[in-house]
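Contents: one structure, followed by commentary.
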Amino acid sequence: MSPKTETKASVGFKAGVKDYKLTYYTPDYETKDTDILAAFRVTPQPGVPPEEAGAAVAAESSTGTWTTVWTDGLTSLDRYKGRCYHIEPVAGEEDQYIAYVAYPLDLFEEGSVTNMFTSIVGNVFGFKALRALRLEDLRIPTAYVKTFQGPPHGIQVERDKLNKYGRPLLGCTIKPKLGLSAKNYGRAVYECLRGGLDFTKDDENVNSQPFMRWRDRFLFCAEALYKAQAETGEIKGHYLNATAGTCEEMMKRAVFARELGVPIVMHDYLTGGFTANTTLAHYCRDNGLLLHIHRAMHAVIDRQKNHGIHFRVLAKALRMSGGDHIHAGTVVGKLEGERDITLGFVDLLRDDFIQKDRSRGIYFTQDWVSMPGVLPVASGGIHVWHMPALTEIFGDDSVLQFGGGTLGHPWGNAPGAVANRVALEACVQARNEGRDLAREGNEIIREACKWSPELAAACEVWKEIKFEFKAVDTLDIL
């Protein structure tokens, strides 16, 4: 290098490492309506100040890297950088902080959940200066929301398609989840739908295995639901899982489902990926298919309180990517889910405008600007004794899904479906009459048993079954 070049470089660019907080911690910054806002739970390594940790998150998830680079001078970092604009300690937790970060909208590709997550959570979670990091919530600005199609149809359109109003929808996951032949699988589907359920479902890991190839399953399930429809006069559906090893194969399965004339298909959106999910959601809107979403693998990401991504963020991402149903926990069943937290993200799925409410874990006000809503699905370890609580907790705009709670009935699949339908109708009628489901739930179910032997048998089988474990992911002390 010539002396002349050295002089010019030293004037325009100073190499070396500097603290992130000098550039990316900006407590005086006023957030813009177009910013994506993030709330991170940050646990710094010993000796790392919280301001430096928060700034590091902002830097590494936007324009920064570990050292100064001369190409910084070729762009406007002030325009494009993420900013940590506020930090607060977490009450009752040692060395944990909530760091609020604002990202300029120009950092993100329009209509791409994949790109949004690649930026915000793609690399920073392995950063050595942090012991742990969790993305608690995102505020998606309306300008960005409007770049997404969202759910293929939404709650009201689904009800109109099914001609079912004024109650939760009822479903059942076919069990055993693996090992049945396609014909026996279709038989179970028919019996459950004939007994009074609205939907039956492929389990999340039912794809196209040697014991039951996808095309055979689709054909037998279509035959089952058409037969049940003809006999009951109700529109029925089975969630045909289109998840596959490639996007091309996934779309081939969705096209075949449409050709069969069935109303709904299914996708495992986390294992399948957001790009595949958005592709399928667009196809479903264009071709009149409803889309059921399973959240398989979510607990790997969201269950630990100090590290990962909270499910409320994954729920928002799903609403943007597209899905008409998504599993959302039960509060009362076998799967993780504290009541206030669950109801917080249920509102984020269904409602058009949700106010900030830290008592339910909602860090930001969210405006969906008329994007269709998503039906939450309660599924996992629930049975007829849970029906009053589920109806009271989730309300009409939900899907209550009983797998073992249908197929485990001592008299068979169809009586199991009858028991669930009778229990639901009894709870809805009692609620509409002004009775308190939370206080009188067991009494309401016992009264219904008097005129439904199927329900009475189910109540006897599951009268002692409870899943009483403390939730791992709980709300912070405010």
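All residue numbers here begin at 1 and follow the chain in the order shown.
Glycine is no exception: its Cβ is also placed from the backbone N, Cα and C atoms.
What Swiss-Prot lists as active site, proton acceptor is Lys175, His294. Look at Swiss-Prot and you will find Asn123, Thr173, Lys177, Arg295, His327, Ser379 tagged as substrate binding site, backed by sequence analysis. The annotation Mg(2+) binding site is assigned in Swiss-Prot to Lys201, Asp203, Glu204 on the grounds of sequence analysis. Residues annotated as N-acetylproline in Swiss-Prot: Pro3. Annotated N6,N6,N6-trimethyllysine per Swiss-Prot: Lys14, in sequence order, evidence recorded as sequence analysis. If you look up Swiss-Prot, you'll see Lys201 marked as N6-carboxylysine. Per Swiss-Prot, site 'Transition state stabilizer' is recorded for Lys334, and the stated evidence type is sequence analysis.
Non-local neighbourhood of Glu204 (Mg(2+) binding site): Asn241, Thr243, Asp268, Thr271, His294, Ala296, each in the same chain, at least six residues away, with C-beta under 8 Å from its C-beta. When the neighbouring Cβ atoms lying within 10 Å are counted for each of the binding-site residues (Lys177, Arg295), the highest count belongs to Arg295. In three-state terms derived from DSSP, Asn123 (substrate binding site) belongs to neither a helical nor a strand segment and is classed as coil.
Taken residue by residue with DSSP, Lys201 (Mg(2+) binding site) is part of a strand.
Taking the centroid of the Cβ atoms of Lys201, Asp203, Glu204 as the Mg(2+) site, the other same-chain residues with Cβ within 8 Å of it are Thr173, Ile174, Lys177, Asp202, Asn205, Val206, Tyr239, Asn241, Met266, His294. In sequence order, Asp203 are the binding-site residues from Asn123, Asp203, Arg295, His327 with a C-alpha within 10 Å of the C-alpha of Lys175 (active site, proton acceptor). Within the same chain, residues at least six positions away from Asn123 (substrate binding site) with a Cβ under 8 Å of its Cβ are Glu60, Ser61. Residue pair Arg295 (substrate binding site) / Asp203 (Mg(2+) binding site) shows a Cα separation of 11 Å. Here the Cα atom of Thr173 (substrate binding site) is found 5 Å from that of Lys201 (Mg(2+) binding site).
Local packing around the recorded positions Lys175, Lys201, His327 was summarised as the count of other Cβ atoms within 10 Å of each Cβ; on this measure the leading residue is Lys201. Residue pair Asp203 (Mg(2+) binding site) / Lys177 (substrate binding site) shows a Cα separation of 6 Å.
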